[in-house]
Amino acid sequence: MLQAPSSSNSGLNQGNAAPDGPPNETQPYEGLDAAAQEEIKELARTLTSQSSLLSQEKRITGTGDPNTLTAASSSSLSRSIFASDIKGVNPILLDVNDPDYDETLDPRSENFSSVRWVRNMAQICENDSDFYKPFSLGCAWKDLSASGDSADITYQGTFGNMPIKYLKMSWRCISRRLFHRTHGKSEDNDSGFQILKPMDGCINPGELLVVLGRPGAGCTTLLKSISVNTHGFKISPDTIITYNGFSNKEIKNHYRGEVVYNAESDIHIPHLTVFQTLYTVARLKTPRNRIKGVDRDTFAKHMTEVAMATYGLSHTADTKVGNDFVRGVSGGERKRVSIAEVSICGSKFQCWDNATRGLDSATALEFIKALKTQATITKSAATVAIYQCSKDAYDLFDKVCVLYDGYQIFFGPSKQAKKYFQRMGYVCPERQTTADYLTSITSPSERIKDKDMVKHGIMIPQTAYEMNQYWIQSEEYKQLQVQVNKHLDTDSSQQREQIKNAHIAKQSKRARPSSPYTVSFFLQVKYILIRDIWRIKNDPSIQLFTVLSHAAMALILGSMFYEVMLSTTTTTFYYRGAAIFFAILFNAFSSLLEIFSLYETRPITEKHKTYSLYRPSADAFASTFSDVPTKLATAVTFNIPYYFLINLKRDAGAFFFYFLINIITVFAMSHLFRCIGSVSKTLPQAMVPASVLLLAFAMYTGFAIPRVQMLGWSKWISYINPLSYLFESLMINEFHGRNFPCAQYIPSGPNYVNATGDEVTCSALGSIPGNNYVSGDDFIQTNYGYRHKNKWRSVGIGLAYIIFFLFLYLFFCEYNEGAKQNGEMLVFPHSVVKKMKKKGIVSEKKKKNQPTLSTSDAEKDVEMNNNSSATDSRFLRDSDAAIMGNDKTVAKEHYSSPSSSASQSNSFSKSDDIELSKSQAIFHWKNLCYDIPIKNGKRRILDNVDGWVKPGTLTALIGASGAGKTTLLDCLAERTTMGLITGDVFVDGRPRDQSFPRSIGYCQQQDLHLKTATVRESLRFSAYLRQADDVSIEEKDKYVEEVIEVLEMKLYADAIVGVPGEGLNVEQRKRLTIGVELAAKPKLLVFLDEPTSGLDSQTAWSTCQLMKKLASRGQAILCTIHQPSALLMQEFDRLLFLQEGGQTVYFGELGKGCKTMINYFEAHGAHKCPPDANPAEWMLEIVGAAPGTHASQDYFAIWRDSEEYREMQKELDWMERELPKRTEGSSNEEQKEFATSTLYQIKLVSYRLFHQYWRTPFYLWSKFFSTIVSELFIGFTFFKANTSLQGLQNQMLAIFMFTVVFNPILQQYLPLFVQQRELYEARERPSRTFSWKAFIVSQILVEIPWNLLAGTIAFFVYYYPVGFYRNASYANQLHERGALFWLFACAFYVYISSMGVLVISCIEIAENAANLASLFFIMSLSFCGVLATPNILPRFWIFMYRVSPLTYLIDALLSVGLANASVVCSSNELLKIVPPSGMTCSEYMEPYMQSTGTGYLLDGSSETECHFCQFSSTNDYLATVSSSYSRRWMNYGIFSAYIVFDYCAAIFLYWLVRVPKKSKKLKK
């Protein structure tokens, strides 16, 4: 609707003039038959729907009376659209003070008319068509077929079978490729299954196509195929798709923005406001040939305001879009944001996948009307897949395509479809809408055969394959072939040139003509950068936390080295190196968590790429720039305080060089981590290489192991490590040109006071005998091999890495697509699949037309009969007349009787004896209000809502999107977590007790389930924990089986829930949601929030019949519903109708045919409800619920002043007064908050969680793979380290690096915990399934065994390669110390888990929790005594050394690994001393060696030169770092106590922060 439209109105109905089918034989006139009558009705409905645009126009302009409007002719629509009163004025420069001001063109006006605005834009284009270059785009496809990458059944990957599964898949892939290469065959369709069977179609400019079919029929795949969005499945090479002469490849590469697919899910940046979201899109789609005299930003702002006004979003402009976890606009409003986003794009060919899901009936109809207006005026084309299509909406479509299990069974004019299927042999019941009738054809239990045709033995197609064959041989198919071939054969060179010129005219100056994008790369980066700045401004928590944590770490780490670094002697050599090493590491790894944010925004980037808004590389470039301020802020807050606290060289040049190097470090590593994130498909895939690189770069920086000491096989790592060059520059920067006074001479003491010259030497490396100082250049040359000439070389290398990683990151972002999603399929546990194969239910190779496991039972029976029939029979006859009679009878009941359903009849008849919990209690509420705090006060969401739900009744809760329907359910069910509730809520006149939440069933709008559980397991879990404790397991299991039977879930009862696309489909998930609540046997009532949302009409009907069935068994049901058909509406007993603001406009009986409700509104001033109108759409229209409509009066005030309201108040007063007298209160046992004991809850929840871990192989294998690779890498880096001084230091640093796996493993765990917590807090806690104690304790218990296993693996791949066992063998303690090391390794991995639970228990966002854990870990590691020994710490920080848990771990690992062995110095570690003349080395050094108690001489008898080693035992070396083997068991006990403390603190913090406290939220 919001594009620059075409000026020409010729050919508006192009393609609509197809013949009406085969000519009928001449017959005697017998009056109007049923088909003719139906045709007249169809025409009347079409004309009525077309006149709705005119009536809307009249209401807006003030002409005509909406109460007396009648159907207009089709030409009225054209006159309305192309009326001459629109002259084409500039709507952007309107001035309210201008006498010619037209408020209907001003989106900020309440009287804005989107229809007039589009007409006005059309007139502007017509006035200067050479400038605006209008064009149109249609599409035709021939032999379109698509296949998925896997079969329709697969087994679930687990920790045990995942390696074998992947090996099999790899082998299959390799062998297939080799086979095809050898035999020269195509890979297409070799493995996997066909989603779409060959089909044809054609949609011309100005047309609307509706695609109908049940979930799983292939509607989504068809839309994706014709919108060039085929990632995840393959299109057959034989397929031909053309868009006015352009191939799908050309469209994808050059004109992608003109063909757009809008997915069913609403994915947006949650922290952007509605205005910011749409304004960004408008900027990126602002054409160069826009209205003259208007700049880009003004035009984009106007288009944004028009979109918001058109779709009723103006009031939400400054509200965050939000998502399931970030509070924002309502679900219906979020769907409208998605619609507005595509409308602003102005694409000429749009594909909408279930775009009306979540919208109320009136808004959904207005959306289709808007599409119709857009198509008619702008000559665009739209294809819409709708599961629930109302009569009025269907009448607006030009063509319809019906799909059945991937087969096309009709494509043609929407007015002919009904007659086609009636001719095929299926009857349309009188009360059924055409769309519902067409969809019902694809459901064996819903469709009704023509009794006369059956009696005469006429064969009626039944299976999808038979209907497809019937379609291929029909006259309608031949007509379609003519249209498609005409489209394909038409010379389209002129149209191609027209489209090409129009595309170039829209593009900004610097955009390439062949580019599919409207604006240049520079403008894309600019606009996305602004968007990212808005996002950060709206939610700066992560950035603020990062900056503040860096500042805190600078103060902590800097003060740790403060005292020792005040000295400038040689004692600071090690600490200066350690401090610089710490600075490099901290700056380098501060960007590791950016990987998290990449995966959060990737789906949005991929969506916008398909809209041709911007290149993914532009988004990547902008995101890099948007993070620059945060990076600079963190660099300043960390490096400046840190530099001066650790007393590095006080020289301006040295300081700025230090700052420059660390800035380079930050950006080089940031780009590297972004590269890893962009090249990986999933977060676990990214974290494993990131953790390995983190470890490798840290170890091969040059501090832990100087390059001269590195093993030959691994030295190359230091050469490709950017940090090694940057560390070298910082060391040169600090040590060059400085002489450090010697702090310790060897030998020293009273006996050596008079020693001179070569008789003493400084103990530091690089010393020269006789000198009282050590040159900094000599030190770094001797120890590290660094030379001053390389100082600036490293800067160049660092900058080269930044540029290289940046371009690599942009490349991967541009060309690496996201993870593929397989075709929709059921997933079963491996054991179930084995049983199914034994029984012959599935086989390794599927036959071409074999029924799938998603096929319904009824159709399965039909197809099985077909397989056993004669092969020469094209169509099946029903073998039993009784079956056909039953079909007709059932269908009559379906559409005539309000109490039965065809689709449910069989299952209900089998399950009539199911003992559903019956309730006698009446649930009622009075004057219920709900207020939430906002910036300037409070906002009322519910305004004095009254009502009741009685046993055995079905009450509908209806209202526009955002009217407060879900909020009302949440308030009544005690599920609100903020705000103030006032009013009274009673059960039989008594206040709700604490057992109330578990005594009700609440089916949420979102189908929240544990994705790794099976359907049966989910139901049993609910039954075990929510049914009474005194009910036996056998009874609960039996009841679950009955629920499975009632809900018709037997076919997939053992299937894994999974995620949409790989698991249960939308319908199956909705049934499971209802089943989980039924399995709990709610004794009071059942709440259902949008149970029919996302379902097709037949499933929605079945769901409604299920609710009716439950009500007939005594259940009280309150159900919100968005798009009820007229048929569905009549199934409800009562209606609670809310308007915007949570205000009641009606509560009472619906009456037969909704007459009672209709009479009420008509009696209070509403215009008459047309006889064939949907009462739901009519009543939403009269209260102004649809965008662009307004109520003619205040229906809330009318309701409060009505007689019906007064009668309701009397009834409520009677209930409050009399009901407590008639019933007794609940017993103490019944009032328990939970049905089962805490211990039983912990047992079951832990059991379920253990299964989830086992069935989440990526998490476990990532954990173990990270452990194996990291520890093995450390082990072989320090392979068989000796006991020289450098070898001892290497072993100490190996132990230090052993703990570096902390961050990667913890970061893998946090998202898994968050998923568990979201499910628990959203569904299981509110329903009182189990307590918070059971939740947190089970999280703790289940992690421990896996971490013990990880610790065991780490021990074996680390302990033996490093060679610690050799030190133990010297003291004959091999087994004891090996066992001790294993205990500490296991304890450390359990500690990682305990810290993870601790930080995430009270923090919402995993990224913030990871930052906090990293902060704790760095502090613990810094103060553990390795980098800074206790003797050099300031007195203030001594307590940190004592409270750091790693102090005790490192102390224990050092002593267990190194103690009780001899030191053997290497040649360059031996100090050379010349003894006085006449003395041997032993005589000269003996006093010194006795005073220090350590050291040894290589040759004591020498009189010329002594070679002295400073240590003789590893125990002496351990003493320098305050480590002792005697404290090993004390250290183990203290470290274990820290683990226990973490777990206890996690439990306490979870209770403190996240458990709702009992408060008096409900006030009178």
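Including glycine, each Cβ sits where the backbone N, Cα and C put it.
Within the set Asn354, Asn754, Asn866, Asn1282, Swiss-Prot records N-linked glycosylation site at Asn754.
According to Swiss-Prot, the feature transmembrane segment maps to residues 1426-1446, out of the candidate ranges 544-564, 649-669, 1258-1278, 1426-1446. In terms of DSSP helix, strand and coil, the topological domain 'Cytoplasmic' (1512-1564) has 36 helix, 3 strand, 14 coil. Highlighted: of the candidate stretches 674-694, 1340-1360, 1459-1479, 1459-1479 has the greatest count of Cβ pairs under 8 Å to the transmembrane segment (1491-1511).
Within the same chain, residues 325, 593, 683-684, 687, 691, 1004, 1006, 1008-1010, 1249, 1252, 1256, 1259, 1262-1263, 1266-1267, 1332, 1335, 1339, 1343, 1350, 1389, 1392-1393, 1395-1397, 1399-1400, 1406, 1409-1410, 1413, 1554 sit at least 6 positions outside the transmembrane segment (1305-1325) and bring their C-beta atoms closer than 8 Å to a C-beta of that stretch. Among 588-608, 732-752, 1390-1410, 1426-1446, 1459-1479, 1390-1410 has the largest number of CB pairs under 8 A with the transmembrane segment (1340-1360).
Nonlocal intrachain contacts for the transmembrane segment (699-719), taken as residues 6+ away from its ends with a CB within less than 8 angstroms of a stretch CB, comprise 577-578, 580-581, 584-585, 727-728, 731, 783-785, 1273-1274, 1276-1279, 1286, 1290, 1293, 1296-1297. Take the transmembrane segment (674-694) and the stretches 588-608, 624-644, 732-752, 1390-1410, 1426-1446: counting Cβ pairs under 8 Å, 588-608 has the most.
Using the rule of three or more Cβ pairs under 8 Å, pairs at least 6 apart in sequence, the transmembrane segment (1390-1410) is not in contact with the transmembrane segment (624-644). For the transmembrane segment (1459-1479), the residues of the chain that approach it from at least six positions outside its boundaries are 746-747, 755, 757-761, 763, 769, 782, 1282-1288, 1366-1368, 1370-1371, 1373, 1485, 1496, 1498, 1502-1518, 1525, judged by C-beta separation under 8 angstroms. Sequence-distant contacts of the transmembrane segment (732-752) (same chain, at least 6 residues past either end, Cβ-Cβ under 8 Å): 567-573, 576, 580, 648-649, 654, 657-658, 661, 759-764, 767, 771-777, 779-780, 786-788, 790-791, 1471, 1473, 1484-1485, 1487-1488, 1491, 1508, 1510. Away from its own ends, the transmembrane segment (624-644) comes close to residues 525, 529, 532-533, 536, 543, 546-548, 550-551, 553-555, 557-558, 583, 586-587, 590-591, 594, 655, 658-659, 662-663, 666-667, 670-671, 674, 806, 809 of its chain (Cβ-Cβ under 8 Å, at least six residues beyond either end). Its own atom aside, the Cβ of Asn754 (N-linked glycosylation site) has 7 Cβ atoms within 10 angstroms in the protein chains shown.
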